[in-house]
Amino acid sequence: MNRKSVRFGQNFVTSINDINKICKKIDVNSNDVYFEIGPGKGHFTQYFVERAKEVIAIEIDSELIPILNNKFSDLDNIKIVNHDFMSYELPSTFKYKVFGNIPFNLSTSIIRKLSLEKYADEIYLIVELGFAKRLEDLNRKMGLMLAPFYEISILYNIPKRYFHPIPSVEVVLIKLKRTSYNMSMKEYIKYEDFIEKWVKKDYNVLFTKNQLKQAIRYGNIDNLRILKVDQILSIFESYKLFNGLK
Ligand SMILES: C[S@@+](CC[C@H](N)C(=O)[O-])C[C@H]1O[C@@H](n2cnc3c(N)ncnc32)[C@H](O)[C@@H]1O
């Protein structure tokens, strides 16, 4: 690995056998448009390009672009883009899918970006197990920020030996399936502010005693510590209503 791949990269999977075992869990068919985050040298890309209608591979490291162009020069269903995924403008007119074996320190920012992309219908990411668990946890900020928009499932505990260098943490493949719920950026910022206070249990900052009682009643809630997604959204709606934020 060169200096750049250490800077932008992390844990690579290169064996075709191992890649097939991981990708078997992923739904790819001939109607799919797939965006790949960080294709690297195109090991996973090959799998998608052979099965999807189109692949748009977005790689930040300009040194990898000639390698990718060369590898896929015979194919016309792939577009290789030298761009930072974080500032890449995703489509807003058709549904698409996303795959990424991404640097783990980008997981949170990628999830945040994709939360607002209503056409990102299915997302498959390779992430740390701990991160995946935080995404599933509706008592934590990350879980509550994601839950309205995506149903999350852990598809596969990937054997550490598939990666090089071998990671020190457990790594999993997760799937996020888009729900029909949407928010504007403005609304999302309000929701984030609300959730930050909610997870700290700062209920008295969010509501008066009476308002909290009412919000609990509107949300049909028995136990504030075990909430379902629609209940937290109902509480958020009450919060906006009581605070003139609607
Ligand atoms: C862990 S490596 C994986 C490479 C390849 N997917 C694989 O599994 O072999 C992560 C890749 O993401 C790229 N990358 C890192 N940050 C990125 C960003 N913000 N936007 C696009 N690509 C990025 C890196 O340059 C690197 O190629």
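Our numbering is plain: 1 for the first residue shown, then up by one each step along the chain.
Heads up, the Cβ atoms here are built off N, Cα and C, so glycines get one too.
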Of GLU59, GLU63, GLU122, residue recorded by TrEMBL at the S-adenosyl-L-methionine site of ASN11, VAL13, GLY38, ASP84, ASN101: GLU59
Greatest inter-residue Cα distance in Å for the S-adenosyl-L-methionine-binding set ASN11, VAL13, GLY38, GLU59, ASP84, ASN101: 21
Cβ-based isolation winner (fewest other Cβ atoms within 10 Å) among the binding-site residues GLU59, ASP84: ASP84
The one of ASN11, ASN101 whose CB sees the fewest other CB atoms within 10 Å, among these binding-site residues: ASN11
